[in-house]
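Colleague: For reference, the structure I am asking about is given below.
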Amino acid sequence: MGIKHLYQVISENAPDAIKTGEIKNHFGRKVAIDASMSIYSFLIAVRSEGQQLMSESGETTSHLMGMFYRTLRMVDNGIKPLYVFDGAPPKLKSGELAKRVARKAEATEAHEEAKETGTAEDIEKFSRRTVRVTREHNAECKKLLELMGIPFINAPTEAEAQCAVLARAGKVYAAASEDMDTLCFESPILLRHLTFSEQRKEPIQEIHLDRALEGLDMDRAQFIDLCILLGCDYLEPIPKVGATTALSLIKEHKSLEKVLEFMKNDPKKKFVVPEDWPYEDARELFTNPDVRPADHPECDFKWEAPNVEGLIEFLVGDKGFNEDRVRNGAARLSKHLKTAQQSRLEGFFKPVARTEDEKASLKRKHDEKLQQQKKKKKEDAKAKKEAKAKPRGAA
């Protein structure tokens with residue numbers, strides 16, 4: 001799930017933190033990718049007529065199809081991917097995971113019912129909700145990556161946290177995940193949509209943590225408190241606290257402790273904090289996650305030549321893939337992983353920091369833009385209200 005509405009909060013209040021561009025803009029970069037999130041997206045997206053792809057023996061192959069071709073797309077564009085797999089989830093996450101299992105069980109039941117009575121759209125909708133990444137999916141993807149010569153490592157717990165460690169140490173340029181909580185783990189740069197298919201034509205989002213903090217006028221501790229208040233994987237959300245409310249509460253009170261004190265003493269009793277709401281534990285998981293240091297032997301990785309015959313045996317022999325396409329993919333891997341050794345020009349130059357005047361100018365422009373948006377919103381609401389108040393048939 002990640003952090004609810006965090007992208008919206010950053011895009012509206014710190015737009016300078018987000019860059020969008022094409023995948024080719026990341027040529028020559030090493031990127032640590034949240035493997036479990038990627039596999040989940042492959043299981044949902046790589047489909048035929050609403051169903052996951054299957055081998056002749058009835059085994060799911062959507063995860064392998066996605067992993068093979070989306071990784072090829074990255075390598076074709078000069079990116080050197082490193083996949084990071086989740087370890088055991090933190091105990092605090094067990095409540096959220098239990099809810100997900102329950103939701104999937106409900107969706108499975110609804111899916112079966114939709115098959116009998118529903119439309120094709122209903123079947124597709126409930127089918128996607130039943131998707132779960134299993135140990136077998138992970139094991140098969142690891143086998144595929146090994147045969148492709150693409151490195152992977154196993155995180156002690158959360159993959160995003162381990163990706164962030166590697167990015168902070170400079171072993172990779174960025175962490176790649178759809179989960180916005182990667183920023184809570186202090187990844188300097190987060191890439192989103194990197195493993196999407198080319199057909200979706202979604203630009204790659206590049207989010208810079210330092211610019212987000214600057215635009216929000218927060219330190220990291222306040223940012224983590226904001227993310228917990230917005231809603232994370234570790235805690236139930238507080239009812240009636242949306243993006244705007246969460247941001248204004250942290251801005252005004254500066255910390256979760258002060259926010260909770262305000263809620264408790266509020267005479268209107270607008271907010272009801274769940275009885276068991278261990279926000280301090282959630283904060284600790286973001287601040288000091290269970291990760292390996294970047295110089296740990298298990299964080300060493302390198303890219304190898306693909307094992308072509310091994311790929312043929314696994315993908316073609318065992319899983320029924322097309323042999324010509326697999327051989328073509330292996331040839332592309334061999335060619336482009338060598339090409340990606342070229343350095344990016346930016347590696348030779350130190351980026352110039354913005355001056356205080358430039359920062360002030362950017363903030364002023366952003367504030368003006370926000371005021372214009374608010375003004376337009378008010379005008380639109382007023383026009384809508386007036387239109388409703390007009391008698392029918394009035395000119």
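Using the three backbone atoms N, Cα and C, a Cβ is placed for every residue, glycine included.
Since this is a predicted model, take the numbers as computed values, not measurements.
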Colleague: Given Swiss-Prot annotates ASP34, GLU158, GLU160 as Mg(2+) 1-binding, which of ASP16, ASP76, ASP86, ASP210 belongs to that site as well?
Modeller: ASP86
Colleague: Which candidate from ASP219, ASP225, ASP233, ASP266 does Swiss-Prot annotate alongside ASP179, ASP181 at the Mg(2+) 2 binding site?
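Modeller: Swiss-Prot lists ASP179, ASP181 binding Mg(2+) 2, and from ASP219, ASP225, ASP233, ASP266 it also lists ASP233.
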Colleague: Looking at 107-115, 269-277, 341-349, which stretch does Swiss-Prot describe as region 'Interaction with PCNA'?
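Modeller: Result: 341-349 is the stretch Swiss-Prot calls region 'Interaction with PCNA'.
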Colleague: Per DSSP, how many helix, strand and coil residues does the compositional bias 'Basic and acidic residues' (378-389) have?
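Modeller: Helix/strand/coil tally for the compositional bias 'Basic and acidic residues' (378-389): 12 helix, 0 strand, 0 coil.
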Colleague: For the binding-site residues ASP34, GLU158, ASP179, work out the Cβ neighbour count at 10 Å and name the residue with the minimum.
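Modeller: Each of the binding-site residues ASP34, GLU158, ASP179 was scored; lowest Cβ tally within 10 Å is ASP179.
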Colleague: Restricting to the chain of ARG70 (DNA binding site) and a gap of 6 or more, list residues whose Cβ falls under 8 Å of its Cβ, or answer none.
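Modeller: The list for ARG70 (DNA binding site) reads SER38, PHE42, THR195, PHE196, SER197, given in order along the sequence.
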Colleague: Can you tell me which binding-site residues out of ASP34, ASP86, GLU160, ASP233 are within 10 A of ASP181 (Mg(2+) 2 binding site) by Cα, answering none if there aren't any?
Modeller: GLU160, ASP233
Colleague: Calculate the distance in Å between the alpha carbons (Cα) of ASP34 (Mg(2+) 1 binding site) and ASP233 (DNA binding site), and round it to a whole number.
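Modeller: About 16 Å separates the two Cα atoms.
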Colleague: State the three-class DSSP label for ASP34 (Mg(2+) 1 binding site), counting H, G and I as helix, E and B as strand, and everything else as coil.
Modeller: strand
Colleague: Mind tallying the region 'I-domain' (122-253) by DSSP state, helix then strand then coil?
Modeller: 68 helix, 15 strand, 49 coil
